[in-house]
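Here the structure is laid out as structure tokens; the discussion comes afterwards.
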Amino acid sequence: MTADNTSSVTEFILTGLTDQPELQIPFFFLFLGFYVVTVAGNLGLITLIGLNSHLHIPMYFFLFNLSFIDFSYSTTLTPKMLMGFVSEKNIISYAGCMTQFFFFCFFVFSESYILSAMAYDRYVAICKPLVYTVTMSPQVCLLLLLGVYGMGVFGAVAHMGNIMIMTFCADNLVNHYMCDIIPLLELSCNSSYINLLVVFIVVTIGIGVPIVTIFISYGFILFTILHISSAEGQSKAFSTCSSHIIVVSLFFGSGAFMYLKPPSILPLDQGKVSSIFYTAVVPMFNPVIYSLRNKDVKIALKKTLSRKIFS
């Protein structure tokens, strides 16, 4: 990369999570631990669902894909972040940055929509139990999944199209530990209000539409639960939704906090801390939440372990 302001950037320097040298090694081991738990938890849940036939129902079909998405987008970001803690200069090529950004967008949008598909599944299970098998048939589940990954492609392509029309000149210092849309917008020498508007619209589709779907689903669920006569029935219905509600709150809460506030309200340094929740913490906690709060998963784990021990 040459020094004049008309040159194009061929690589970026990521500032990382912190610029304090004494924190680099502790952070490396902290996030390495997060990543190991994330990989073990999500691959373990995928394996558990795959091996146990009684978990081959729509709820766990979507959970299987949620674990795959969590594992994939954590793997897209965390190894590079770990390298940044132990590297003297955290450099990423332009092509590498765009590739990371594309897959990050794809998996985040896919996660938003898989969570809304899971909310719809809970709505049908609780509000329309008599037609659940027909409504959530394998064909319907497959179509929902195609919609989930289709929206993932839409989000990634829309954000990439927005980025690709920008020009990056001499400044190549990205104030983040990953290639994300807001710090890249700040670096561009031709970004405009239109680019920011496109980001807001695409993020609203990626976060807003699933949130509305989830709220509507749970509105109907709550209405149905309140009309269940027995306290035991109400408790059972609530328990089937509790894990999903916790996961939704963690994911959308941190995502909305990062992207649906103007940069003037949320400085980028604070945004980096916020983004840790949905890039590192949420993928790690999802399998833990579903394992600890789900009786079927616990039973499947015991059966699988007992089979392995006796074999």
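Backbone N, Cα and C atoms are what each Cβ position is placed from, and that goes for glycine too.
Taken from TrEMBL, the feature transmembrane segment covers 27-48, 60-79, 91-109, 130-158, 193-226, 238-260, 275-292. The domain 'G-protein coupled receptors family 1 profile' feature in TrEMBL is assigned to 41-290.
Counting Cβ pairs under 8 Å to the transmembrane segment (275-292), the top-ranked stretch among 27-48, 91-109, 130-158 is 27-48.
Remote same-chain partners of the transmembrane segment (130-158), defined as residues 6 or more beyond its termini with a Cβ less than 8 Å from a stretch Cβ, comprise 58, 61-62, 65, 102-103, 105-110, 112-114, 117, 120-121, 124, 198, 202, 205-206. Residues 31, 34-35, 38-39, 41-43, 45-46, 49-50, 100, 103-104, 107-108, 110-111, 114-115, 117-118, 121, 141, 144-145, 148, 178, 247, 279-280, 282-284, 286-287, 290, 296 of the same chain, all 6+ positions outside the transmembrane segment (60-79), place their C-beta atoms under 8 angstroms from a C-beta of that stretch.
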